[in-house]
Amino acid sequence: MSVAPIDFQQVEKRYDDKLVVDGLSFHVQPGECFGLLGPNGAGKTTALKMLLGITHPDAGSISLCGEPVPSRARHARRRVGVVPQFDNLDPDFTVRENLLVFARYFGLAAHEARALVPPLLEFAKLENKADAKVGELSGGMKRRLTLARALVNNPDVLVLDEPTTGLDPQARHLMWERLRSLLVRGKTILLTTHFMEEAERLCHRLCVIEEGRKIAEGAPRTLIESEIGCDVIEIYGPDPAQLREELAPFAERTEISGETLFCYVDDPEPVNARLKGRAGLRYLHRPANLEDVFLRLTGREMQD
């Protein structure tokens with residue numbers, strides 16, 4: 001695709017007197033995985049609904065696969081696969097039947113739909129579950145089936161809303177591996193997620209939104225370096241305020257969340273030296289990550 005598969009320009013959406021999407025702008029490049037991150041109620045799902053033409057924006061412009069939305073949303077969606085936040089598989093059908101029926105929605109002939117099923121089952125690692133009812137599948141299997149179903153029309157763009165919510169770590173990693181294989185095949189992916197590790201592993205770029213506004217955008221590593229830029233020492237124990245006073249001179253920045261003190265350090269040794277052998281304290285020295293960025297930007301439970 002020569003044009004940006006997804007483009008938002010100064011998009012606004014209001015419900016009654018509440019502005020839930022406020023001048024949101026971003027674009028997604030062909031073959032890119034782009035993440036929308038934000039706390040609950042930030043406007044992520046509303047943005048996806050507007051992208052798909054389900055909800056109409058009050059201002060701004062949206063294009064999907066080169067088509068203006070909402071006026072040409074139905075046409076654009078023929079080149080898009082969608083994985084909703086909650087599975088909407090038909091429980092009365094088998095795994096195979098779910099794929100066959102969905103393929104017919106895109107106008108595929110019966111023989112074309114049947115030819116699609118084996119490679120999709122292989123992709124989802126469900127070859128041995130073709131004749132199983134949906135109710136017999138694990139949560140991870142259902143999510144992979146939903147992803148396979150989103151591929152029946154060979155879409156250019158995939159839109160995924162919280163694709164691994166509710167999955168155990170093993171199922172989540174398998175889903176990530178499947179998504180990475182789609183990127184290798186040149187698919188463009190837009191996803192929302194609450195899992196910072198997921199965003200860091202999958203996304204080439206991401207946009208952090210809060211209260212409908214974009215507050216940061218960039219590659220995960222770039223955001224980590226610009227917003228945090230150092231190592232982190234997490235210290236768990238009583239009286240974090242007293243510890244903060246003691247350790248602040250040896251840190252670039254400190255934050256307290258509950259009973260945890262976060263020390264952001266360029267040189268961890270002075271802080272580590274003062275923590276060794278302390279009774280009643282536990283601490284963890286680690287590289288800065290995307291969760292640190294998210295908490296710093298959104299301010300959730302953190303106080304400077």
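From the backbone N, Cα and C atoms, a Cβ is placed for every residue, glycine too.
Listed in Swiss-Prot:
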- Gly38, Pro39, Asn40, Gly41, Ala42, Gly43, Lys44, Thr45: ATP binding site (BINDING)
- 6-236: domain 'ABC transporter' (DOMAIN)
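Of the chain residues outside the ATP site list Gly38, Pro39, Asn40, Gly41, Ala42, Gly43, Lys44, Thr45, Ile209, Glu210 have their Cβ within 8 Å of the site's Cβ mean position. DSSP assigns Gly43 (ATP binding site) to coil, not to a helix or a strand. Shown are the binding-site residues Asn40, Thr45; the one with the most C-beta atoms within 10 angstroms of its own C-beta is Thr45. In sequence order, Leu36, Leu37, Gly38, Asp161, Thr192, Ile209 are the residues of the chain that are 6 or more apart from Lys44 (ATP binding site) and have a CB within less than 8 Å of its CB.
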